[in-house]
Amino acid sequence: MGSSSPAQTSNWYELFTGNWLSRPIRAVLVGALALPFVIWPRNQPQNSNPRLLAFFVYLLHLASIPWLYLVTKLVPEPYLDEIFHIPQAQKYCQGRFLEWDDKITTPPGLYLVSLITPGVVQRNGYLDYACSVQNLRAFNVFALAVLAYLALQCRREIEARLYEARFSTRLSNTSQYAVHTAFNIAFFPLLFFFSGLYYTDVASTAAVLVAFLNHLKRIGRDQNSVLSDLVTISLGVFTLFFRQTNVFWVVVFMGGLEAVHAVKTLRPERVDQPVILTLSEQLKHYAWRCSLGDVHDPPLHAMWPDDMIFCVLSLGIAALCNPIRVIRQIWPYITTLLLFGSFVAWNGGVVLGDKSNHVATIHLPQMLYIWPFFAFFSLPLLIPYALPLANALRRLLYMKTSSWSISSSSNKSLSRKSSSKVSNSKGDVAVDAPGSEYPQPSKELQYFEVVFGSKIFLWPLYLLGTIIFSFGIVHYNTIIHPFTLADNRHYMFYVFRYTIRRAAWIRFALVIPYTVARWMTWGTMAGCSQWFMTMHGPACSAYSKGDGKSPFLNHPAFTNRGASPQQTDAAPPAEVKDLDANQQQELSQALKKDPLLASVEPATTSTGLIFLLATTLSLMTAPLVEPRYFIIPWVMWRLLVPAWKFHDHDSEGVAATLERHPKTKPLLLFLQRYDLRLILETFWFIVINAVTGYIFLTKPYVWKAEDGTVLDGGRLQRFMW
């Protein structure tokens, strides 16, 4: 074995000592790494996983610092969009705030926050400042560490809000799932890659997470102070300084969720459903209950196509009937929207600088492309979809049963259920049984119950409708931006080249992968979903909590025929109360026994629909398909994904097999206490980051014309996202 050369030894010394960065920047990076421990609440419960937090903090340090070092050494000059961002930031460093490069179309938030970071600005004279390329890039490493901490706090608050909505008790625990999820978000290939370059994406995402964290704290209270409202406006405007499309995430997503929160805090008294015989009276009763705040908003794992319709309808009625309460909650977001509108009017358009190449165009295929994007990067999260297939293969191999028996038993079970009742999203809608003492409802009401209560009827129609709509989008609205065709430095160039540009029929054939990817990503956000019909049964975490019904169920197809006078026996969430010492001790013991106890709760239907609306609005006006545009939608989706235990979706399959063998039983116990997908997701991201980083750093090339003439002055080109 040969020894390392002095030059190699020097390089490694520079890497780990940080001498290649200015002293203030080194101090900032160390401060960023220490940030979680400095801000970490001192009164955290014992099961708040500080060791796991420390492990991921230093894992992020060991990944991001060498990445920045390698980029600085091998790509010392500004590359691609950096040739616009870095000179503009350097102008700001010199105090030339009125000079602007018209080729830059995004606001100056990145340049402004870079100025207030110690070490980025180095004083060379009385009023002369200079920002070096490496120090400006180092700011994004700092921003990535801040983003990881914000993601941790956001996931913690999401779990707390969902737990409080179910049990009306305050949750102060920081779960292992929240810690690992946050740092997987920081390792997300697009965020990690651009943390080594001076791009706006990392800082913009962190800014949105600041506003999102503030929003999550606001919905933890019934009422908010004027100071909280002013802070919300300030944070909303702050996000707009990084990217204009952030307005959709602040105003539509967060504002929409707060409008739903305002309606749900009405807390109407629970009443029995009267015996109603006509459709008109049934709809009147439904509208009256909605106006009081008795809305229909089941958890995502229990959502069916009709639930989406009645969720929107019930929330709309409740908001229209309680406008003052809703406006009092969302006026900060309305103000943010008005301020943004004033800027657009003053600027003469949404984008800054050159508007010719950034003309807003309706581009709905973006909402088809995003699902394969999610599915590819979150491939390990789709493991639950493989277990039913694995079980079917296992049964086939051992000749115990066939895969057809699963389908037939499921159909028989559903037939028996539908013959006696029509199930709604979280309750059972009783239909007249023979010999019932109740009078017969009208034919219109019976038809209404069958159409909107039968999931077997609605689900195929919904699936067929989405497929037809997708074909229409592909046929009438496929747009290929000139930048996509002209720039072979981006991976998207090759994706388009070998898929939708290869042949017209491929565009239409891809509708099936789009649909499957959408189904899987929505099912992942739903947790243990009913799309698996009876294959999960009571083993699903979301069903094994005892009181499995949501308090927000008001389906108009529910009628009282004597079986049950109410759709749900769950009480509406009361004001959240702090636990006393004994209750806190009991909760801590429960969380110690089951670390995923508070992490398996899925978001509500309204949250999923508002997320879909915000994603659509933020993408549909962009003619250019750019993976960086999908970063914030992915981050928000990833934060909403609940935890998964290995036995979920798998009551009688692989998990049961592992439990029967003494050698594999400890492994099963671990997988029921820790989400296996997180570990696989970490390794998946490491592989993607290693491959794309290696290609970017070591596979440069020179642009040449068809006749061999060197283009772009012979500058090296590199592959990137």
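Placement of Cβ uses the backbone N, Cα and C atoms for every residue, glycine included.
Positions annotated as transmembrane segment by Swiss-Prot: 20-40, 52-72, 132-152, 175-192, 198-214, 233-253, 300-320, 334-353, 367-387, 456-476, 508-528, 678-698. The N-linked glycosylation site annotation in Swiss-Prot covers N173, N411. Marked as region 'Disordered' by Swiss-Prot: 406-437.
All protein chains shown were included, and the count of other CB atoms within 10 Å of the CB of N173 (N-linked glycosylation site) stands at 25. Taking Cβ pairs closer than 8 Å, the transmembrane segment (334-353) reaches residues 100-107, 232-233, 236-237, 240, 244, 247, 250-251, 255, 327, 360 in its own chain, all 6 or more past its ends. Contact between the transmembrane segment (52-72) and the transmembrane segment (175-192) is present: at least three CB pairs lie under 8 Å, with pairs separated by 6 or more positions in sequence.
Counted over residue pairs 6 or more apart, the CB atoms of the transmembrane segment (367-387) and the transmembrane segment (678-698) come under 8 Å in at least three pairs, which marks the two as touching.
Proximity of distant same-chain residues to the transmembrane segment (175-192), defined by a Cβ-Cβ separation under 8 Å and at least 6 residues beyond the stretch ends, is recorded for 49, 52-53, 56-57, 59-60, 63-64, 67, 144-145, 147-149, 151-152, 154-156, 159, 201-202, 205, 377, 591, 595-596, 598-599, 627-628, 630-631, 634-635, 638-639, 641, 643, 674-675, 678, 681-682, 685-686, 688-689, 692, 721.
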